[in-house]
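Enquirer: Feature table excerpt (Swiss-Prot):
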- Cys69, Cys71, Cys87, Cys90: Zn(2+) binding site (BINDING)
- Asp489, Asp491, Asp493: Mg(2+) binding site (BINDING)
Amino acid sequence: MIDRYKHQQLRIGLVSPQQISAWATKIIPNGEIVGEVTKPYTFHYKTNKPEKDGLFCERIFGPIKSGICACGNYRVIGDENEDPKFCEQCGVEFVDSRIRRYQMGYIKLTCPVTHVWYLKRLPSYIANLLDKPLKELEGLVYCDFSFARPITKKPTFLRLRGSFEYEIQSWKYSIPLFFTTQGFDIFRNREISTGAGAIRDQLADLDLRIIIENSLVEWKQLGEEGPTGNEWEDRKIVRRKDFLVRRMELAKHFIRTNIEPEWMVLCLLPVLPPELRPIIQIEGGKLMSSDINELYRRVIYRNNTLTDLLTTSRSTPGELVMCQEKLVQEAVDTLLDNGIRGQPMRDGHNKVYKSFSDVIEGKEGRFRETLLGKRVDYSGRSVIVVGPSLSLHRCGLPREIAIELFQTFVIRGLIRQHLASNIGVAKSQIREKKPIVWEILQEVMQGHPVLLNRAPTLHRLGIQSFQPILVEGRTICLHPLVCKGFNADFDGDQMADHVPLSLEAQAEARLLMFSHMNLLSPAIGDPISVPTQDMLIGLYVLTSGTRRGICANRYNPCNPKNYKNERIYETNYKYTKEPFFCNSYDANGAYRQKRINLDSPLWLRWQLDQRVIASREVPIEVHYESFGNYHEIYAHYLIVRSVKKETYCIYIRTTVGHISFYREIEEAIQGFSQACSYDT
């Protein structure tokens, strides 16, 4: 569908019977209107040709072979000199056979039928709008209750008795005895509303704006009453308030989308194009058909039977008509969603029929497998691994994938630089993996983003753009902070990478889809690029440090008296004095030289404001030197003072892990400050 702003989009929702008729009907050149499927047949068993007005009719859905009608005549497609443009004998137009992929038909239902998605799925939209129990509506739809509110506005017999008479069940059997067949039909059509027709009449009488106003008034009244003290009654009030909120939201959605509630009851049933429910001939001359065809046949059989009961036979009992209407309703339910009402329908081999819902839903459905997850050109797939050295907006592509994705660009670069005379020579150089190929590939990748997608794509952050760089191996490297948007982790997840080709796609990838521009959740606005799983464990290990406190000097771990119940090996526990460092670079150098460990405690000289130090804090130890200087040792810092109590310097007790983490935070803050200063 293309809207007025020329945006191509796919919208799934309710449509009016007029819209279904407009989609399915067409006027052939002789003025005849075709589109209604009236026969439950597919192909003739002798001629092996589609039956007229059947599920594969060429008059309705188009020719099987382009330019060839059902009679076998041939016309050139698009030739204006060819006249006529359709076969006068069979009525088939001379058009392309691809029309059978999108040309729809329809079945005109003799009785209205409720759409099972909106009746049985939870929450039930029909039950919410009508504010009635679902079981009550099901009994009405499937003709278990035959008395409904009168559809006429005149004072009648049933209006005096009220609606939905359950107490006097004998009425269901006694009233037909007092009327002749014709009289009962008149009475039934006027005063008794049953089946989906009763639902449609009630939905048509709804005023959505009044529903919103009344629901809001009732919700406010329930809120003003307050708790009753009875737990059961309070729960009922809470459930009622939640129901009113859902009802108001549903009514607002119907108003906002210009959808009428009675459209949830079907009068015209669309028939899918034949190419979407094919019949295929396999080895041995056997035919393999889609289950949708059998379900359509069942609907047409039962609908035609109901038509015959109402038109050809006037002496048909009303109970038989109601029973046939129930069968039509059940057949349409099975077509739309098999098994939603309980036991699914099976074929002769005890295999469950695949309904329309089964075809489109799930991982192997039409949308996720054929449309969203289909194989496309200029794309690849591989396992993702962590790339801790990558920037947030970069990803690492394996050479094997990158050369395939950007092969056309590399070929163009080789020819432009006169390194290859034609495409064949350029491809041979790529196969030989010459060094110049990787240089050109690097140049191409610098100005071309790629899109990474992880299925299922449940929201817009499921596909983001990155600046690719070449990496060794056969896995895609990814920054761990972007994993939450993809709902991915590094336990074997796979991602697909795509190359945006058009200038519009590249501009969209750079301006809207880069990972560093999607830091907040589009749903709730919370930060989505936050550390998770491996990063949290790594930060904990980096900053945990040793469990020994400042008193480790006093309580030496190699002293066996401190561990009476444990066996201490002197080779494993060697007491070393905590070293002093003037700056963080010396500490990192000592770590790289393996003189200290990542979690080894050390003293680092630090420019710390003395006002941070609590004045009432008492040092744990004081070490005096021979010249009078002394060290005041606290839990987390050390102060060197002179004889005159002047502060020479301050050391903090930390680890190499703490230092590395602090430097990363400091560099990030400085980079953010510089970026803000550039913007201002």
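Cβ atoms are placed via backbone N, Cα and C, with glycine included.
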Enquirer: Taking only same-chain residues 6+ apart in sequence, whose CB is under 8 Å from that of Cys69 (Zn(2+) binding site), what do you get?
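Expert: For Cys69 (Zn(2+) binding site), the qualifying residues are Glu58, Pro63, Arg75, Phe86, Cys87, Gln89, Cys90, Val92, Glu93, Phe94.
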Enquirer: Residues near the Mg(2+) site, Asp489, Asp491, Asp493 excluded, by Cβ within 8 Å of the Cβ center?
Expert: Ile384, Ala488, Phe490, Gly492
Enquirer: Other than Cys69, Cys71, Cys87, Cys90, which residues of the chain come within 8 Å of the Zn(2+) site, judged by Cβ distance to the Cβ centroid of those residues?
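Expert: Going along the sequence, the neighbours appear as Ala70, Gly72, Asn73, Phe86, Glu88, Gln89, Gly91, Val92.
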Enquirer: Taking Cα atoms as reference points, rank the binding-site residues Asp489, Asp491, Asp493 by distance from Cys71 (Zn(2+) binding site) and give the first.
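Expert: It is Asp493, whose Cα lies nearest.
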Enquirer: Long-range same-chain neighbours of Asp489 (Mg(2+) binding site), Cβ under 8 Å, sequence gap at least 6?
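Expert: Counting only residues 6 or more apart in sequence, the Cβ neighbours of Asp489 (Mg(2+) binding site) under 8 Å are Cys483, Gln533.
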Enquirer: Fewest other Cβ atoms within 10 Å: which of the binding-site residues Cys71, Cys87, Cys90 wins that one? Let me know.
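Expert: If we count Cβ atoms within 10 Å for the binding-site residues Cys71, Cys87, Cys90, the smallest count is at Cys71.
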Enquirer: Taking the Cβ of Asp491 (Mg(2+) binding site) as centre, how many other Cβ atoms lie within 10 Å?
Expert: 8
Enquirer: Cβ-Cβ under 8 Å from Asp493 (Mg(2+) binding site), same chain, 6 or more residues apart: which ones?
Expert: Val383, Ile384, Arg454
